[in-house]
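Annotated features in TrEMBL:
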- B:21-40: transmembrane segment (TRANSMEM)
- B:23-373: domain 'ABC-2 type transporter transmembrane' (DOMAIN)
- B:190-212: transmembrane segment (TRANSMEM)
- B:233-256: transmembrane segment (TRANSMEM)
- B:268-289: transmembrane segment (TRANSMEM)
- B:301-319: transmembrane segment (TRANSMEM)
- B:358-376: transmembrane segment (TRANSMEM)
Ligand SMILES: Nc1ncnc2c1ncn2[C@@H]1O[C@H](COP(=O)(O)OP(=O)(O)OP(=O)(O)O)[C@@H](O)[C@H]1O
Ligand SMILES: [Mg+2]
């Protein structure tokens, strides 16, 4: 067991950011932590690495508590922080070199690690450029390179692909897979269902400081097996109509996003829904039925969308 | 290369590469000193011009054997001055005025009765320079002013320590003969020192940035996840900042000395070491404030204290002497202490006084160091886990 968290509680003053969380992560896994904004994902990583105190519970990394052998444990971990943390005044390669040194590398080991990390993130050609000339995605990649230079046994990636174009994102996901194949255990934190579904061997869904479901992609999908998803695009709709829809039997969850109503139900409810909408003079433009995705699992479990859709 | 040295070098590299930082550290003080030094300067007399001129001075000295006036006479007799100024003693001011009207002399210097006595006792008394309005007259004005600024700086220095000039004080003029070329204005000598001091005070910002980066930035968090003791990292960066300031000081001093030809005295090592000491204290002040206050408050305090302390030390304009509160403050303000030590070094050392101020400066260092250590402990830099 690389990580063993039990009954962890972390408060910010009165606010309960982590609520009696227990979590085990096995060697060799790509462990996905999925949760909406403010779920407590970053707070969890901070407590894991000793960046902030926790109130109760216990954390074991590589079988021991952080305080017991902090230096040794930290040498085996790499963190890709959610906020980009690189030096703008240093070139890409100088950044990676510096962090390599700080992780305890030197000599040929350092040289090789730096080269590999830069190649891994596709930055080798840009190694002598300053990050201030980088695009957001390139900075993200450098942010990753600085965390893998010492070939950690455990890599924690806190939303590494935010603001990255799809191509770079795929590149990063492939890299994560490659790292994992080389024996690195990875905690992958994200809002993006597709990413997590694509690479993670275990997924935990976090909400309000708690893990509300955990398992493989398939296991999670089973949680709502037999459910149906109905997507209805309408001209316009008012809240009283939505409220009425919620009262339809077997409807589990309803969300309204712009003019699209999404209904998750345990059985087909098309007839009832149609009747209700028509009798309320709602103009229907389009109807689609789907089998549920991970996103829908999330919706039914938490009652809210993973990301607040912008615009 | 050890990790510690890497941290130090990285910190220096970052400081040097940040263009805004370099402008602030070097260009800004050079420009400011240039502007202040010139705006307040008197006529700029070129070397060649001075050599080809011959100035006739009527000296009306009624100060009977006063020390300052005797020094002034000596000053006029010094070789460099004698080459361009002929002095004619005249007993009364009225006679001198007649000579000036008839253009027999270019200028009159009138030293009234009791002048030296007044200066020695910290009172003000005017020494008059009356000129005909031609270039020759201006030279006399310039020379006399420069002489007086030396006397004045002695008086100011003495005042700071509540001493009065005594006869044991080595005569300034013999120690440091004035350069007659007078190519550069006297104001620049003063401002080269006070601006240097003020700029060093700004290194408090480096100390502040150190804490802010470490404590409130994403980089700081990242660094705390590394297998390195946070204190080691912090110290490495602090050393880097200190070396940056040291380099800045050396560059500025050389610039002031060789480009502005400012008179910075003959004890370069003293000057540089005093500045280093002040730089160290200032960085620690920046760290201390940032450790004890939130970043916003620290920022404000640090930005306000610099102009205030500079003003109180007489960095912008010379302040009136003989205010006990001011004297007290100047005895504990690191910038005023350093400034006074430097002026003494340039214009003749009064040993007991200088040592007293050096001790005060070291006390400042110790006090601020303790505040920093306690602040660091409070923020738990000493332990891995926060
Ligand atoms: N330093 C802090 N002081 C007080 N509250 C905090 C602090 N840091 C985080 N919180 C709160 O704790 C909760 C969890 O925050 P956290 O950053 O762990 O969320 P997250 O799951 O990483 O969200 P996101 O997906 O937006 O990154 C949030 O409600 C946040 O407001
Ligand atoms: Mg987060």
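Positions of Cβ are set from backbone N, Cα and C atoms, glycine also.
Beyond its flanks by at least six residues, the transmembrane segment (B:301-319) meets 152, 156, 190, 194-195, 197-198, 201-202, 204-205, 208, 285-286, 289, 293, 326, 329-330, 333, 335-336, 339 of its own chain at Cβ-Cβ distances under 8 Å.
Sequence-remote contacts of a segment are chain residues at least 6 beyond its ends whose Cβ falls under 8 Å from one of its Cβ atoms, and for the transmembrane segment (B:268-289) they are 196-197, 200-211, 238, 241-242, 245-246, 249-250, 253, 298, 301-302, 334-335, 338, 341-342, 345-346, 361-362, 364-365, 368-369, 371-372, 375. Counting same-chain residues at least six beyond the ends of the transmembrane segment (B:358-376), those with a Cβ under 8 angstroms from any Cβ of the stretch are 231, 234, 274, 277-278, 280-281, 284-285, 287-288, 291-292, 331-332, 334, 337-338, 341, 382.
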